[in-house]
Amino acid sequence: MTILIRQAHIIDPLSPFHKSTQDVFIDNGRISKIGTLANQEADQVIEANNLHLSPGWVDVFAHFCDPGFEFKETLETGIAAAAAGGFTEVLLLPNTNPVVTGKSQVEYMVQKAKHSMVSVHPLGAVTKQTEGKELAEMYDMKAAGAAAFTDGLHPVQSAGLLLKALQYVKAFDGTIIQIPDDKTIGTYGLMNEGIISTRLGLPGKPILAEEIQVARDIKLARYAESKLHFTGITSPKSIDYINRAKQSGAAISCSVTPAHLYFTDEDLQTYDTNLKLYPPVRTAVERNALREAVLNGGVDCITTHHEPHEYDSKICEFEYAKPGMIGLETCYGVMGAVFGDALSAERWVELASSNPRKLMQLSQPVIKEGEVANVTLFEPLATYVFTEDAIRSKSKNSAFVGKELKGKVIGIINNNQLKLN
Amino acid sequence: MQLSTRHLLGIKDLTAQDIQLILDTAAQFKEVLQRPIKKVPSLRDVTIVNLFYENSTRTRISFELAEKRLSADTINFTASGSSAAKGETLLDTVNNILSMKVDLVVMRHSASGAPHFLAKHIPAAIVNAGDGINEHPTQALLDAFSIREKLGTLQGKKIAILGDIMHSRVALSNIYLLKKMGAEVTVAGPPTLIPKYLQQAFGVNVSYNIEETLKWCDVANVLRIQLERQNQPLFSSLREYNLAYGINRKLLDSLNKEIVIMHPGPINRGVELDSDVADSKQSIILQQVENGVAVRMAALYLLAGKRSEN
């Protein structure tokens, strides 16, 4: 198959065509020509207003629920959602059933998604069954294709065990990912602890539970001299701790989700179960500080925390509703809605493509002749209202339905496949 | 006069005029309840379901009595444990009941926000009879009615709410109501049982000293220790709680003034309240219960009126 992308504004600091507008010709999954290709013919010609082209985007923390919870999402529907969101590669949570705790579960995902348009990288569990008691077979999982290690939605609690895990993965240069949360604080919390939770009569989860876990885990990672990534950061204090650790040379990094950049606890006043998230959304003070950190470099990447839940898991009492929201398809549009012009296309590509690749040791595609085409096509200025019938994910649990978003994904090219929205 | 809302989900959503209206209407119903024939035909064509997903004695009987005094048709539904534990979802249960043509739902539920969730999904009017640790609006209304009856007004009165504030929907509804009606509020109890942001959220005073708070107040509304809601230990023992925060005769006598003692019940005697306080002439605990029927009649009557308007 041949594809011609006309008049694409290329955003790729590693490319000789960075920040220039070019025609790009892709032949059989490989970029074969870049330049002014007025007379070039192709099987598929892509033209759009204000078309931008960058190396494919990566999500470090998405849940496809397969195997075990196929009624929420499957690899197929998850891949469709990722493609629609502009992601050519995703790292998948191990919180499936069975848990990704050994080679066979890693291989299931790798094999099943082998030739798909979105490349799938499983995240292996740190501890067996993510129970936080014994180390899982991370060495074997790494060999089978696990990109990094995390207990996902059940972050490791024991300091001693996390330290062992951080030391253990050094043998194969592994990375551990944690949602920082000390579960002994605000154990039964359903939302951010604060004025709003007090007024709503909902048990609160203090932001302190995150901050002390970040501080503690940094100490562990520094002691082990190992690599640690925090995802779903909600506190500017956490970012301060992480920045200080980075400055002193520690291999610490962090990501935030679009939902935590958009919503605040005040949005929970109607007990909207789609906004029951783990970690919870915080106040406007924290949200605004997180926005700042995204722009000034305090945040390394954006993760979607795509967490699908079937209808019945959300149409119930707030306390019983499952936490989490889908996020792949709205990610880019939410970033545009939040930041507008303040977020340059260049910074976005850093957050969505080059940084996560660096941190998760994925190879970096470059937009130049002879390279494999792993690209995302997008239009930063388009605005639209996100609707439920546009959702490709099997689940519809999004608090962004009905919201005006800015920035549209036009399509992706990866693994010699083109997927246009 | 009409209520500004079609549900009674919480005091949070009521205006001061709404509260005034309910209390004034309740006064009329209280007068009715003194008559030899205590029944009025006001809700003769109205069917009410009492959905109790959590145990209740006083509130359930009080609602049922209020409904019967108003000539409504009533049905009772009691589930032990949560709807989730039973297998049928709350929405399914309620929709099944509504398909039998029910006009009003009175619901108690262990999850905060459960009545708000229902209100979003069903057409019937909803009265919250207590949701989790959020609100118990009719309790706050009957407390207000009782204080007004005893002291003439709520405006400027000093009301202390004592004990387990964190797990108490009575506390939250009372705070909302008393602040809206111009009373001064101090909450006091062990720091582990007082939400961290209470002062900022409501502008109430917070104290950890029962004696000082009692010296300050006109009315002490003593809350029940909600042992059943404590997932983690929040104080050392009932004995120590009684020593530090319990209200006894000696303490009351040392105040040099006669404050009003209230309690929403059921009382843990010898824990938050000693018997010689609970049963003393300063206590209006049984009047609270009596007033509960009139207040609930008023709330149901006004909501039913709102219903026919729609």
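Every residue gets a Cβ built from N, Cα and C, even glycine.
Taken from TrEMBL, the feature carbamoyl phosphate binding site applies to B:R58, B:T59, B:R108, B:H136, B:Q139, B:G265, B:P266. Here TrEMBL flags B:K86, B:R169, B:R224 as L-aspartate binding site. Taken from TrEMBL, the feature domain 'Aspartate/ornithine carbamoyltransferase carbamoyl-P binding' covers B:6-149. According to TrEMBL, the domain 'Aspartate/ornithine carbamoyltransferase Asp/Orn-binding' annotation covers B:155-303.
In this entry, carbamoyl phosphate is bound by B:R58, B:T59, B:R108, B:H136, B:Q139, B:G265, B:P266, whose most widely separated C-alpha atoms sit 16 angstrom apart.
Measuring Cα to Cα from B:R224 (L-aspartate binding site), the binding-site residues that fall within 10 Å are B:G265, B:P266, out of B:R58, B:T59, B:R108, B:Q139, B:G265, B:P266. Note on the domain 'Aspartate/ornithine carbamoyltransferase carbamoyl-P binding' (B:6-149): DSSP counts are 67 helix, 27 strand, 50 coil. The binding-site residues examined here are B:G265, B:P266; by Cβ neighbour count within 10 Å, the least packed of them is B:P266.
Here B:R169 (L-aspartate binding site) is positioned 15 angstrom away from B:R58 (carbamoyl phosphate binding site), judged by their C-alpha atoms.
Look at the domain 'Aspartate/ornithine carbamoyltransferase Asp/Orn-binding' (B:155-303): DSSP puts its residues at 66 helix, 24 strand, 59 coil.
With an 8 Å limit on C-beta distances, the binding-site residues from B:T59, B:R108, B:R169 that reach chain A are B:R169.
When Cβ neighbours within 10 Å are tallied across all protein chains shown, the highest count among the binding-site residues B:R108, B:H136, B:R224 belongs to B:H136. Annotated pair B:T59 (carbamoyl phosphate binding site) and B:R169 (L-aspartate binding site), C-alpha to C-alpha distance, rounded: 13 Å. Of all the binding-site residues in the record (B:R108, B:H136, B:Q139), the one with the smallest CA separation from B:R169 (L-aspartate binding site) is B:H136.
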